[in-house]
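I have placed the structure first, in the form of structure tokens, so that the comments after it can refer back to it.
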Amino acid sequence: MAKGGGERGALLPVSADDGKGNGGGGAGEDAALFKGSAMTRRGAVAALSYMACSVLLVMFNKAALSSYNFPCANVITLLQMVCSTCLLYVLRRLKIISFTNSDPSVPSDSLFFVPFRILLRTTPLSLAYLLYMLASMESVRGVNVPMYTTLRRTTVVFTMTMEYFLAKQKHTPPIIGSVALIVFGAFVAGARDLSFDARGYAIVFVANITTAVYLATINRIGKSSGLNSFGLMWCNGLVCGPSVLFLTYIQGDLKRAIEFPYLYSPGFQAVLLFSCILAFLLNYTIFWNTILNSALTQSMCGNLKDFFTVGIGWVLFGGLPFDLLNVIGQGLGFLGSGLYAYCKIKGK
């Protein structure tokens, strides 16, 4: 039974090794995006998938927290975790997906579908994910969308630092230069933000730090645990779900959510539904992209997709009057992201 489940699960891209044992057709096609490239075709698809999910999720989260003024960001985080975990359970029970790269090594009747020792090994990743989810959700509330995306670009600095300390990974001067350009552009763009909110800015920077820790932990634990993207998401849900439920209960968020006046509004429920769906897809593409490429590439993808986030967010939610200095800063950030993408594709 486990073997059959593993074969069916292999139909979905779930890990860095996915597809290597499925015959040779497509091996040449997937070898590199271009000749000499450091990014494969699957790596490029993973990166683009992440960017699309990320843009849409920011919009739906912003709509729930700002447009509807929903007061409980942690409740949205809890709903996203519950939906993702339930969906993974159903898919795994039906043998549509697998949680490991070598499915036969895990008993099919295992209580958690993965060995308990593996669950314990992924605990640091799950705790990093919990901090990342809570900080990222709260950071959307206090800052307008264009400035949110601008400040989030500084995540790459924290990611490079964490990669160096955790994996001793060093980067070439062109990569470091592109990151410096992004950070400089972020500070230029925020220099005259008329809606400056010190608390909002502080929460965004906390979210940047937790994001960097999370991505670096994925790159370190994800490849050594034997779990694929779905398996890592499953362990995160098992460990973090009860913690978020306890947190929302003691803070009274569950009661406030029940008393929310728009709780039964079809529009608000639609926003929550799409938020949960996109959170599942985003978590999957984060694991997929980080394992196939790197933690830094994952951060840089977050910068490249900001072009669409800034434009759509400004049109839908406003909050940022036109300012030449802001435009220049945004342009420098996009230029740095493009430089990194060029270096990555060329294998430099």
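For all residues, glycine too, the Cβ spot is worked out from N, Cα and C.
All annotation found in TrEMBL is predicted automatically rather than curated by experts.
These figures come from a predicted structure and were not determined experimentally.
Pulled from TrEMBL:
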type     : residues : note
REGION   : 1-23     : region 'Disordered'
TRANSMEM : 43-60    : transmembrane segment
DOMAIN   : 51-340   : domain 'Sugar phosphate transporter'
TRANSMEM : 72-91    : transmembrane segment
TRANSMEM : 111-132  : transmembrane segment
TRANSMEM : 175-192  : transmembrane segment
TRANSMEM : 198-218  : transmembrane segment
TRANSMEM : 230-250  : transmembrane segment
TRANSMEM : 270-292  : transmembrane segment
TRANSMEM : 304-321  : transmembrane segment
**Fill in**
The recorded stretch from 43-60, 198-218, 270-292 sharing the largest number of CB pairs under 8 A with the transmembrane segment (230-250) is 270-292
**Request:** Count, for each of 43-60, 72-91, 175-192, 198-218, 270-292, the Cβ pairs lying under 8 Å from the transmembrane segment (111-132), and report the range with the highest count.
**Result:** 198-218
**Message:** I need to check the long-range neighbours of the transmembrane segment (72-91): which residues 6 or more away from its ends have a CB within less than 8 Å of a CB in the stretch?
**Reply:** 61, 64-65, 97, 133-134, 137-138, 140-141, 230, 233-234, 236-238, 240-241, 244-245, 247-248, 251, 253-254, 256-257, 260, 272, 275-277, 279-280, 283
**Item:** Per-residue pLDDT averaged over the domain 'Sugar phosphate transporter' (51-340), given as an integer
**Value:** 79
